[in-house]
Structure formats: C-alpha cells, structure tokens
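Peer 1: Below is a structure I'd like to ask you about.
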Amino acid sequence: MTDSVATPPTRPSGPRADRPLSRGRTDTWRHPAWVRLAHWLNVVAVVVLIMSGLNILLAHPHLYWGVRSTFADPWVSIPPIPNWLLIPQGRNLAEARNWHFLFAWIFVLNGLAYLLLGLVTRRFGRRLWPTRADLKGIGPSVVEHARFHFPTDDHARSYNVIQKLTYLAMILIVLPMMLVTGLSMSPGFNAVGGVLLDIMGGRQSARTLHFISAGLIVGFILIHVGLVIWTGLFNNMRSMVTGWFVIEPPGSTAGPRLRRRRPTDAGDAS
Ligand code: HEM
C-alpha cells in the first residue's frame, strides 16, 4: 500500500538497488527475509490462536466483567460457532488448550524476534514510525482511504500514515494486550507474582479483555487483507514472499479510476 501525501523518496527504499522493468515500471526492494518469515509465522500463530481460542470460549460462551461470573447476567453471550472455525474440529477444551498454549509460545517468541530485529536494524524508525510530515498529511490520507483511491506509483514506496499508525497500534498495543490479558489468566503466572489479574480487575474482566483484543485482531485482519487485495493482491503478496515490490509509472492508482493522478498532484490526495 501507499503514501500519496508525503513527497516520494528519490532513493531506493531498501539496501538493494531498484531494477527497471518494462512499460516504465520499477522493481523495488521492500521486505527483508526476517520480516517476511516473522509475518507469515505470525499469521499462522494468530489464526491457530483465534480458532483454538473460540473452541476454549465454547466451554462457557458467556463474558462478564469483574471477578466472578454472574451466570444470570452475562455482559455478552456468544452465539453458536460453526465447527470449521474451531481447532480442533468439534468442541474439545483439553485439546484446544494444548493448541492455544503451544501457538502462544510461537507467537511470543516470533513477536519478540520481530521487535528486536526491527529496533536493531532501525527498520521500525525508517518504515513504520510516522514522520511529522506524515502526521500533517493525516487528513488527506483519511480522504484517500474513504475513496478507496491509493497511488501505486513512486508514492507507494512507503506506507501511508494510516497504515503506519495501524501497524504500530497492532504491534505495540493490540497484540501485546492479547498477550498480557492471556498471561494474566495463567495459573502458573499468577502463582509467581499474580498482580496482572488485579490490574485487569479480576478474572472475568481479563477474559473479556482477552476476547476484545482477539476481536480487534480479527477486525484488523479483515481490513488488512481487504486492502491488500484492493491495492494489488499479486504485487503485495509477491513483496511479502520474495521481498520485491513493483512501482507503477507516475500517476498510477489502485481503486476506482476516478481520475489519473498527475505528478503535480503530489500534495493532493483527492
Ligand atoms: C492471511 C492473512 C494476511 C495476509 C494475506 C497478509 C498480507 C500482508 C502483506 C501482503 C503485507 C505487505 C503490505 C505492503 O508491503 O504494502 C503485510 C504487511 C503486514 N501485515 Fe499482514 N497479512 C495477513 C495477516 C496479518 C496478521 C494476522 C497480522 C497481525 C496480526 C498482520 C500484520 C501485518 C503487519 C504489521 C505488516 C507490516 C509489516 C512490516 O512492514 O514490518 N498481517 N501483510
């Protein structure tokens, strides 16, 4: 996806030089191997966590706030969930917990490696942290999203500001929230310190917050995958598989062909 608001960078966006392609297109280096590996491992881990989590939830499909479950008065009651959304297929609390805890470890170790490498290589600062200019362009970026109208030319070298803020919110807030709320319910963790459960406001609140973070992740996945498809499924997937991303000639856009963007429109996201 893209950044139509900030000035397009003139240098290649990665350590490898651009490769010219036919019809004025350019292949540019976008994702190092560790990002691609961490991303796809994270996808597998999150999907298994959500599907096994739904199976665990079915053991008592009601959510409450506070310390105790007040059976007569749940905050939310979960409707029946189809079998194909569960790991393992069919209700099975013991096996679902095994899957959930195994993939929680994979998720944590993979996330820590991604965070560490992102900081050490300074990729977070370069690629994900919004600049002042990015933040000033947030209004036009909102308009761009509302119109589903994203540039695929040189502006696509960097993430747009909404994309940067959303990725950061996932990486720094929602995914850690899922982890911390999950950890707070672990009897083993509580046995050695146990303050997290009090901070959450009790076991039922922790359970509900864990469910809300999982819901936010599902919402993110739906929008994220929708935009990946909209802005060029093949090109985006190729970049997350091989590292290389195609930049289209100046003025190219993804989305409705309302109007071709001209190079002079650089500061205009409409
Ligand atoms: C089937 C599901 C998914 C698909 C097909 C998918 C696809 C992609 C693609 C193609 C990109 C590169 C976008 C670009 O270069 O402009 C990307 C980036 C990203 N995705 Fe996903 N994704 C999926 C699930 C997830 C999940 C579950 C999460 C986290 C909960 C996630 C978080 C991210 C983040 C944070 C980035 C930016 C990574 C970086 O540059 O460091 N994705 N995804």
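The backbone N, Cα and C atoms fix where each Cβ goes, and this holds for glycine too.
As listed in TrEMBL for this protein:
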REGION    1-24  region 'Disordered'
DOMAIN    30-243  domain 'Cytochrome b561 bacterial/Ni-hydrogenase'
TRANSMEM  40-59  transmembrane segment
TRANSMEM  99-120  transmembrane segment
TRANSMEM  165-189  transmembrane segment
TRANSMEM  209-230  transmembrane segment
Peer 1: Which of 40-59, 99-120, 209-230 has the most Cβ pairs closer than 8 Å to the transmembrane segment (165-189)?
Peer 2: 209-230
Peer 1: Tell me, roughly as an integer, the mean pLDDT over the domain 'Cytochrome b561 bacterial/Ni-hydrogenase' (30-243).
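Peer 2: Here the mean pLDDT over the domain 'Cytochrome b561 bacterial/Ni-hydrogenase' (30-243) amounts to 94.
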